[in-house]
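If you look up TrEMBL, you'll see Gly7, Ile8, Asp9, Gly10, Ala11, Gly12, Lys13, Ser14 marked as ATP binding site. What TrEMBL lists as domain 'Thymidylate kinase-like' is 5-202.
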Amino acid sequence: MLITFEGIDGAGKSTQIKKLAAYLKQEGHEVLTLREPGGTEVAEKIRLILLESRHEISPVGELLLFSASRAELVSEVVRPALAEGRTVILDRFFDSTTAYQGYGRGLDLNMLRTLIAISTGALTPDITFYLDILPEEALIRKFSEKSLPLAFENEELDRMERSGLEFYRNVHQGYLDIIEAEPGRFKSINARHGVQEIHACIVKTLKERLQDRS
Ligand SMILES: Nc1ncnc2c1ncn2[C@@H]1O[C@H](COP(=O)(O)OP(=O)(O)O)[C@@H](O)[C@H]1O
Ligand SMILES: [Mg+2]
C-alpha cells in the first residue's frame with residue numbers, strides 16, 4: 001500500500017507521518033517512510049540542489065530536478081518495496097509538483113501531467129492525506145520552529161520556503177483544485193486540530209479504506 005502526505009510547509013506532515021509509521025509498525029506492517037525530494041543517493045543530491053537557498057533555479061529547471069528525483073525514488077525504492085508487500089509512506093509525491101510547480105510557479109498543468117506520468121510510471125497512491133492549513137498559519141509554525149522572525153528573505157529558510165506568501169497562497173489553491181478533481185483518493189484534514197486528533201482521524205480513515213478493500 002502506498003500512502004502519501006501532502007500540504008504546504010508547516011502543515012504537520014512530518015509530525016503525522018512519524019506517528020502513523022509507529023502505529024502501523026506496532027500493528028505488524030512493514031513500513032518504509034520516505035521523503036521527496038530524496039530517498040536514494042542520487043535523489044538526496046538533487047534535494048540539496050533544490051533546497052539550497054543561494055541557488056537560483058528556473059521554474060522548468062526546478063520541475064525537471066524534482067521529476068528526476070522522483071523517477072529515481074519510484075524505480076529504485078518505492079516499486080521494489082511495494083512489490084515486497086511493504087507499506088510505503090511518502091512525505092510529498094507528485095501532487096506537490098502540481099501544486100508547487102503548476103499553481104505556484106505557473107507551469108502548464110497538462111505538461112506537468114505528462115511529466116508526472118513519465119517520472120512515476122503512472123504509480124498512484126492508494127490514499128493521500130492532505131493537511132489543510134492557511135499559508136499564513138503554516139508559515140508562522142515553520143518560522144517559530146526555527147525561531148526566526150517572519151521574513152521571507154531570511155537566509156536560514158530553504159529555497160522553496162523563501163518563495164513568499166503569494167506563492168504559498170497559489171499553492172494552497174492548487175491543492176484545493178487537485179482534491180476537487182480527484183476526491184476519492186484524498187482525505188482532507190483540518191491541520192489546525194490537535195496532533196493527536198489528526199492522528200486518530202488518519203488511523204480511522206485507513207481502517208475504513210482497508211475494510212472497503214477486503
Ligand atoms: N496539529 C498541530 N498543531 C500545532 N502545531 C503543530 C501541529 N502539527 C505540527 N505542528 C508543529 O508545526 C511545525 C511544522 O510541523 P511539521 O510536521 O514539520 O510540518 P511539515 O512536515 O508539513 O512541514 C512543527 O513545529 C510542529 O511541531
Ligand atoms: Mg516536513
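The backbone N, Cα and C atoms fix where each Cβ goes, glycine too.
Note that TrEMBL annotation is computational and uncurated.
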Whose Cβ lies within 8 Å of the mean position of the Cβ atoms of Gly7, Ile8, Asp9, Gly10, Ala11, Gly12, Lys13, Ser14, the ATP site, other than those residues? Leu131, Ile133, Ala138, Arg141, Ala191
Looking at Cβ-Cβ distances, which residues of the chain lie under 8 angstroms from Ile8 (ATP binding site) while being 6 or more apart from it? Ile133, Pro135, Ala138, Tyr168, Val171, His172, Tyr175
Give the subset of the binding-site residues Gly10, Ala11, Lys13 lying near ligand 2, defined as CB under 6 A from any of its atoms. Lys13
Once the chains shown are all counted, how many other Cβ atoms turn up within 10 Å of the Cβ of Asp9 (ATP binding site)? 21
Near the Cβ of Gly12 (ATP binding site), how many other Cβ atoms are there if near means within 10 Å? 21
Once the chains shown are all counted, how many other Cβ atoms turn up within 10 Å of the Cβ of Ser14 (ATP binding site)? 14
